[in-house]
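According to TrEMBL, the protein carries these features:
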- 7-31: transmembrane segment (TRANSMEM)
- 43-65: transmembrane segment (TRANSMEM)
- 119-139: transmembrane segment (TRANSMEM)
- 162-181: transmembrane segment (TRANSMEM)
- 246-264: transmembrane segment (TRANSMEM)
- 276-296: transmembrane segment (TRANSMEM)
- 317-339: transmembrane segment (TRANSMEM)
- 345-367: transmembrane segment (TRANSMEM)
- 374-396: transmembrane segment (TRANSMEM)
- 402-420: transmembrane segment (TRANSMEM)
Amino acid sequence: MQKCPGATLFALVITTGIATWVVSLIISNAAKLIIDENGETSWILRFIFTILGYTTVFLPCYVLIHLSQRHNLHTLGGCQWRLLRLILTGTTSEIVAETDITPTGRLSNTNVQTLYQKALSLFYCCAGLQVSYLLWGLLQEKIMTREYTDGDKIERFTDSQFLVFVNRILAFLFSGIYLLLTHQNVHRTPLYKYSFCSVSNTLSSWCQYEALKFVSFPTQVLAKSAKVIPVMLMGKLVSRAQYKNYEYTTAVLISVGMTAFLLGSGGDKKGNNVTTVSGAVLLCGYLIFDSFTANWQSALFKEHKPSSIQMMCGVNLMSCLFTSASLIQQGGFFYSLSFAARHPIFIMDCLLTAISSASGQLFIFATISKFGPVVFTIIMTVRQGLSILLSCLLYQHHLSPMGILGVFIVFLAIFLRMYYAQQHRKQRRLRQYRHDFDDENDECQRVYPNLDPACNYFHSQYVALPEY
């Protein structure tokens, strides 16, 4: 390794990649003999293929990172090691101070907006989020559940991995252009650390697309709304977390609403018990992978402090690598491009889906940075309700009165949860204010024992003035 580190490292990485690819082919062929490719559980086979495709990228990268850190190769001079330093350290330049940089990566702006400007900005963010994600939801349901016609031939698109790839590569381009056009703080997050949440992010999207083959879109939307239930259960079991009474109450309400909705929309999807179980498993997979993604990204924000756009760009870059490797290995590019050649409208659907998804992510960052997570949550909750309504109207999903009641209960629980959480934060701030107020009065009484206690707070506010 010391005589010619570059050539040795390159040979080891290539050897690992080829060996991983050969092993994945063997496992794939063995899986085909066990699982029916056209059966109800064929999604398991596709999931195995997807994981194996990701492994052909993940293992060689692990060898590259392990050997480079062990022998400090990223500290060597020369242009050929700049990419390696970027992968291991996140930057090739000096780290700058963060005093004048906001969390979003832009220089702080002290200009105060007027009420009209804030209202106009809120309108733009709300409209952008609604249009982007309503269009994205309707198009993903159309692509995965509707039939495309080519003369007398009718067929459905089945490769969820290709849709994930198209979404990620366009999101990477959007975020990359945004980074080039705006001032950002120096990037300090090692690129390889994005790979973990990238894998979970792509798998959550894959499960989301696959689930539409087994459950209706309204069911999927409500399942996302119920994500708080597994999060609370995991927090209780793993972290011994304590929750407020309103959190338990709203979690029970969400469970009741989901049950009523499922009972009231039982005739919406044709299928057997296997179909129902497959849809439920895929939705659970989506919730699990999505929860991991959020927690890992939160840890990266705390440790390395990237901007939101840098995070978006890094995660989508790694996602493009993983999904492209998986598609090449499975022949997904050939199938998807052939399908697009037979159905030109499919190309437009894919592009609109990717554009709406990428622009929606930018609106998310803009809304949270300007108005905070509470406003963003309210906007997205309204979007979920509108998504269910539009899906039922456009794609004729049947909802009985019990199903409608279930939807109402779920969204009522979500708004109650937001309301009580906001009230809890206000009470906590008020207690802190009263505590500080009492401390100031006590200190003032100690320094000026003969002062009227009713004047303590006034005195403490003006005692530092020269004229006093």
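Just so it is clear, glycine is given a Cβ too, placed from its N, Cα and C backbone atoms.
Residues 113, 217, 221, 349, 352-353, 356-357, 359-360, 363-364, 366-367, 370-371, 375-376, 379-380, 382-383, 386-387, 390-391, 394 of the same chain sit 6 or more residues outside the transmembrane segment (119-139) yet have a Cβ under 8 Å from a Cβ within it. Contact between the transmembrane segment (345-367) and the transmembrane segment (162-181) is supported: at least 3 Cβ pairs lie under 8 Å, counting only residues 6 or more apart in sequence. Here the transmembrane segment (246-264) has long-range neighbours at 218-219, 222-223, 225-226, 228-229, 232, 399-414, 416-417, 420-421, 424, meaning same-chain residues at least 6 beyond its ends whose C-beta is under 8 angstroms from one of its own. Between the transmembrane segment (317-339) and the transmembrane segment (162-181) there are 3 or more Cβ pairs closer than 8 Å, counting only residues 6 or more apart in sequence, so the two stretches are in contact. Tertiary proximity for the transmembrane segment (276-296) is limited to same-chain residues at least six positions away from its ends with a CB under 8 Å from its CB atoms, namely 40-41, 43, 196-197, 200-201, 203-204, 207-208, 210-211, 213-215, 219-220, 223-224, 227, 230-231, 234, 269.
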